[in-house]
Every structure is written in C-alpha cells, then in structure tokens.
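Engineer: Would you mind keeping the following structure in view while I ask a few things?
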Amino acid sequence: MTTEHLSQQRFADLPLHPQILAALNDQNFEYCTPIQALSLPLTLQGKDVAGQAQTGTGKTMAFLTATFHHLLTHQPDFITNQPRALILAPTRELAVQIAHDAESLAQTTKLRIALAYGGDGYDKQLKTIENGVDILIGTTGRVIDYVKQGIIRFNDIQVVVLDEADRMFDLGFIKDIRYLLRKCPAPKSRLTMLFSATLSYKVRELAFEDMNDPEYIEIEPLQKTGHRIKEELFYPSNRDKMALLMTLLEEEWPERCIIFANTKHRCEEIWGYLAADGQRVGLLTGDVAQKKRLALLKQFTDGELDILVATDVAARGLHIPDVTHVFNYDLPDDREDYVHRIGRTGRAGESGMSISFACEQYAMNLPAIEEYIGHHIPVSQYDPDSLINDLPKPYRIKRNHTIPHSSRDYKKR
C-alpha cells in the first residue's frame, strides 16, 4: 500500500483522547487522509461537518474517530443504557462494515456498539440493544421499528452521523431520517456529521436544516473519479457484449474484480456465463438473503472468489480491499452511481482499472456521466473477429430452487 494519499497531519498532533490515540496506534494509523485532516480539527471542537471526498479516502474513520472522542470527552453525569450516538447508513452491508471498522476503537474505549438492520437477526440485535448500547449503528427501517416499540429512546443522543448522506436523503429515506432526527435532542445540543462521495447542493440544503451551522468540506472537487483509476470505454453491440467481457477478462486477468449491471436479470445472466466457464464468481443482488450476502462478501474479501457480479447494492461504502478491476457491463442510469461503482477500485492509494460498456441500450447515459465527472472517458476500439467465439452454455437459475450465490454452490440439475 502506498502512502501518497496521506496528508502531513499526524493523529498524534490532534487533541484526541488518549484511548483513541492508543487504538489508532494499534492499527498503525499515523497520518491522516485529507478528509480526516480537514474534518477532525472541526469535529473535535464539536462543530458540525458535511464532508465530501472520493470513495476509499478514510471518511469512515473520520467520523468514527470524532464520535468516540466526543463520547469520551462528554461523559454524562448519569448512567444510561440508551444510545449516546446514532450512525445511520443506507444499506445493511454498510452498517455491518462500519461496525467492523469501529471494533478496535470499541475494544480500547469499552464503549458498547450495537447493530440494527433489517433482514436478519431481529432477536439477537434486540438482546444486544437491551443489554445497553453507547453507539447504535443501523439502517432507518429497523431503527424506527425499535423506536416505535419503545425499545430505543434518543433523549441521550450526543452524536448523529449520516454515512453516504446523498443516498440517505434520497426520496425513499428523507421522511425516515427526519423522523429519527426529530426524536434526538436539538441540533445545537449534539454533534452532527454528514459524509459521502457525492453531496449535491440540494442534499446539503436539506441536511443543513437539521444541523448546527455546519462546515462544508470538499476534497479534490475538480476530479470526482480517483486519479489513480484508469478509465476505459468500449462501444459494443448487444451481440458482442458478453463475448467482449469474456475476452477482456482473459486479457486483463484481474486478481479481483467487480462486474456491475443494472438489473438482477442481467447479473444472473453474466454470472451464468462466468460460472459455466469455470470462474470463481459470486452473485450479489437484492434478493440474496442477508446471511448469504455477508458470507459472499467475506469469500470475496478473503480471496475465495475472484469475481463478484453485482447490482448497485454493492457500490456504496463497502470496504473491499485489493479490487483491481471494475467492469460497468451496463452504464448506470444514475450518473453518481458511476463514481461509486468505480470507487470500488483504486482505494487507499492503490491503482485500479475501470472498464465500461456503452451498449445500444445504455449509451444514452454516457453524456450525463461525463458531464458529472468533468471529463470524457477514453475510448478503445475492439475487433469483433478477435473476440472469444465459443462461449459456454450458461448456467440458468431455476426460480423454484434456491438461488446459488457463488459458482461453487451451483449444481447442475
């Protein structure tokens, strides 16, 4: 891992609580990333922050460090088993990842963490919360469920964090977010932080209504895609699209890659071809059960799978190390999703490769994407006669059977 992505700001030179510094030292964190270097001097003083920085630049540790520090330095004069900090994420996977990243800080400080997300573990999550929690990390639906049942009260909240804030304030979340924030103490009585790779003016305007004179921080505003990510664009016909993907996989031979498509059906089709070709490939779509979803991500992270085929459920916030390639089999309909997708590679100072297909169906999305990222994606040509022409017969997922989540789960029937 390179250190070029770090700033000259040392954690040890910040007025951090000694237990926080000890935890950071144990993880060999010496220098801040730019978003940490700009946000921590403010949040450590109790000032609200809305931070925008590229994916993989340390936003999670920025708000976790500030959250733990604030709780340690603002101890209440009463005993409570109710949460003192609320961290909200748009997806279950991201909530789990945040909790994982917080473990080392929790072990050192003895602050209690609990998760609350839908789709799995209702009773287990409930028991953990009832035993007492300092920092609650979760998704809006499950958190609201516990609030309405009277299990959780937010009277003692001192810190609120919205991670991937632009998605949180999407039309589907805004009412839930405002419901929860109205249950918390007033903005002047708490520290509130927003972080995201994309943060539009409209979102900032909505968010600032529930913040206390926040400071807006933006890192590398002129380049929304990481400068360590090499981008490449092909214009395949629909007929050539799968053959081009298989050919590029053979030529590039990526160590670990994610292939994004816009629909579950398309992801299943891609998975079917790659699994039939003998690739170690996993399938991550919205209907994969939560336990399988987490197991699949662990297999991919641990190197048991080389390729992950996914819808945008995997594009936001997940910290999957050493992803060398990202393929946009379909150009996303939402231009911001392009940034989040290719941000799966080129993380923490490493280089990466992004290859996109502007096919007949989705080429119309390209102008909006290029306008948003501020540059044209370099175009490469291909020779149709040089593509792999003996594609395997793809595996098909039968709807009356359990959907396999990786190629090794597949059995021919």
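Cβ from N, Cα, C; glycine included.
Take a look at what Swiss-Prot says about it:
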- Ala53, Gln54, Thr55, Gly56, Thr57, Gly58, Lys59, Thr60: ATP binding site (BINDING)
- 40-217: domain 'Helicase ATP-binding' (DOMAIN)
- 241-388: domain 'Helicase C-terminal' (DOMAIN)
- 9-37: motif 'Q motif' (MOTIF)
- 163-166: motif 'DEAD box' (MOTIF)
Engineer: Quick check on the motif 'Q motif' (9-37): DSSP residue counts for helix, strand, coil, in that order please.
Structural biologist: 16 helix, 2 strand, 11 coil
Engineer: Within the same chain, where does the motif 'DEAD box' (163-166) have neighbours whose Cβ lies under 8 angstroms from its own Cβ atoms, ignoring anything closer than 6 residues to its ends? I mean 6 or more beyond.
Structural biologist: 50, 59-60, 63, 87-90, 94, 98, 194-200, 203, 207, 316-317, 336
Engineer: Tally of helix, strand and coil residues over the motif 'DEAD box' (163-166) according to DSSP?
Structural biologist: 2 helix, 1 strand, 1 coil
Engineer: When a 10 Å sphere is centred on the Cβ of Lys59 (ATP binding site), how many other Cβ atoms does it contain?
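Structural biologist: Excluding its own Cβ, the number within 10 Å is 25.
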Engineer: Using DSSP, how many residues in the domain 'Helicase C-terminal' (241-388) fall into helix, strand and coil?
Structural biologist: 62 helix, 23 strand, 63 coil
Engineer: Can you check how the pLDDT averages out over the domain 'Helicase ATP-binding' (40-217)?
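Structural biologist: Per the prediction, mean pLDDT sits at 90 for the domain 'Helicase ATP-binding' (40-217).
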